[in-house]
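*Asks:* Okay, handing you the structure first.
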Amino acid sequence: MRKINFFDTTLRDGEQSPGVNLNTQEKLAIAKQLERLGADIIEAGFPASSRGDFLAVQEIARTIKNCSVTGLARCVKGDIDAAWEALKDGAQPRIHVFIATSDIHLKHKLKMTREQVIERAVGMVKYAKERFPIVQWSAEDACRTELPFLAEIVEKVIDAGASVINLPDTVGYLAPAEYGNIFKYMKENVPNIHKAKLSAHCHDDLGMAVANSLAAIENGADQIECAVNGIGERAGNAALEEIAVALHTRKDFYQVETGITLNEIKRTSDLVSKLTGMAVPRNKAVVGDNAFAHESGIHQDGFLKEKSTYEIISPELVGVTADALVLGKHSGRHAFKDRLTALGFQFDSEEINKFFTMFKELTEKKKEITDEDLVSLILEEKVTDRKIGYEFLSLQVHYGTSQVPTATLSLKNQENAQLIQEAATGAGSVEAIYNTLERCIDKDVELLDYRIQSNRKGEDAFAQVYVRVLVNGKESAGRGIAQDVLEASAKAYLNAVNRQLVFQSNMSGLKNHTAVGS
């Protein structure tokens with residue numbers, strides 16, 4: 001049975017979602033989970049784009065062993081050199097080079113002729129092949145490229161050494177039949193097509209990314225590029241979880257197999273949602289809260305009599321289970337460690353001791369500690385970048401029906417260890433906190449979105465707050481986790497500000513980090 005490779009671009013195209021700025025530790029946490037999920041290739045970033053991206057790709061390449069790590073590069077020597085330096089220590093290094101091929105891109109963006117684009121693509125594939133054992137080449141905006149020209153350039157880059165050809169629907173324009181026809185045309189009109197795998201990369205601007213990806217598979221694609229939860233630029237990418245489950249559930253139709261470990265899907269989805277701050281819609285296929293809910297009386301009656309009447313996939317298939325194991329104040333170190341292992345975390349004894357101490361402190365405040373609580377506890381500690389920005393120390397809020405809400409905050413500037421204390425009022429408690437924080441950090445911050453989410457039912461549940469803000473005109477997303485919703489609100493605001501400061505720091509080092517060649 002033909003195997004479909006999954007090329008995950010959550011950390012590259014997915015991170016290009018507005019307001020998403022992941023630090024290196026967050027990217028590494030997602031990469032490790034993608035490895036457990038069974039992704040064949042992880043596109044870890046665009047090494048030439050910034051110092052931060054370069055370092056993140058390098059760290060991921062050095063850490064991941066069971067799948068291939070790749071980086072994006074333009075058909076430019078400087079990009080390829082940066083990608084090699086970032087990826088060369090990886091277990092299975094490969095590169096993803098691209099250049100636009102549609103006439104609209106050639107005329108308005110590249111200012112190049114078709115002949116010049118072919119020459120550049122062939123030359124840079126050869127250059128990349130001198131370093132990388134596997135070179136993937138992409139025809140940006142392939143969906144609006146005339147098919148005879150697309151076939152011509154595909155043939156020539158395969159001759160130059162490309163062993164994977166990606167034909168993206170960059171703007172999410174085509175219908176499934178049209179997109180599938182591109183792959184059929186390449187199979188029938190490129191003489192050396194047997195020397196390369198065909199890859200599909202679909203955007204969801206018209207809501208057809210998953211359908212188009214499946215159409216590509218029907219017409220000969222061997223690789224699908226996708227992102228967890230379908231995140232990405234504009235309306236996003238094809239959702240990894242939807243494609244994987246569709247191919248599994250309808251194996252009778254598609255006659256293909258994948259290496260995806262399906263019961264890791266829900267855990268992966270939750271991790272990406274938490275770290276990016278992008279909530280999963282309740283009605284989202286496969287991983288939404290309502291994916292396995294039945295409201296209609298007729299549906300409920302049929303489901304209770306026989307699940308298969310209205311349920312084509314089981315929750316357990318994708319890792320959703322109702323049997324939640326809870327820990328408490330009497331749980332020992334061994335049970336704690338076993339639970340972390342079951343959740344996919346691997347720590348040394350020193351880290352286990354640190355997290356166990358934090359766990360015990362938490363049990364003094366909460367009677368039952370769920371998996372969600374453990375994940376929140378570890379992510380908050382493990383993936384926080386503590387070198388740049390501000391550290392939350394303490395918060396006091398005075399509020400009553402006849403009082404003006406007043407917040408007092410203490411922060412530490414992590415670059416110079418300066419203690420900062422301020423107080424301010426507001427129309428409500430959250431506004432008072434945010435007014436105080438704006439005074440503390442001396443930045444122009446505008447709140448765009450504010451959302452509260454609970455880990456579970458119960459009065460002692462953790463609150464998770466997600467915010468989107470403009471920091472000096474640049475959008476950033478942040479999350480905060482705490483038992484107290486006001487503390488979580490303060491942490492979310494600070495997290496968003498810190499992400500933007502990290503991003504600015506990474507970009508400031510770009511010029512000294514890599515030179516763009518030709």
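Every residue, even glycine, has its Cβ placed from backbone N, Cα and C.
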*Asks:* Of N66, N237, N263, N283, which one shares the Mn(2+) site with D13, H201, H203 in Swiss-Prot?
*Replies:* N237
*Asks:* Take the Cβ of H201 (Mn(2+) binding site) and count every other Cβ within 10 Å, whichever protein chain it belongs to.
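*Replies:* I get 29 for this one.
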*Asks:* Same chain, not part of D13, H201, H203, N237: whose C-beta falls within 8 angstroms of the C-beta centre of the Mn(2+) site? Give them in sequence order.
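*Replies:* Apart from the listed residues, the neighbours are T9, P168, T170, C202, D204, A209, E225, C226, A227, G232, E233, G236, A238.
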*Asks:* The domain 'Pyruvate carboxyltransferase' (4-266): mean pLDDT?
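*Replies:* Over the domain 'Pyruvate carboxyltransferase' (4-266), the predicted model scores a mean pLDDT of 97.
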*Asks:* So, three-state DSSP: helix, strand or coil for D13 (Mn(2+) binding site)?
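*Replies:* For D13 (Mn(2+) binding site) - judged by DSSP and reduced to three states - the answer is coil.
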*Asks:* Let's see if you can do this one: DSSP helix, strand and coil counts over the region 'Regulatory domain' (391-518), in that order.
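*Replies:* Residue counts for the region 'Regulatory domain' (391-518) by secondary structure: 41 helix, 51 strand, 36 coil.
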*Asks:* For N237 (Mn(2+) binding site), what is the tally of other C-beta atoms lying within 10 angstroms of its C-beta?
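*Replies:* I get 31 for this one.
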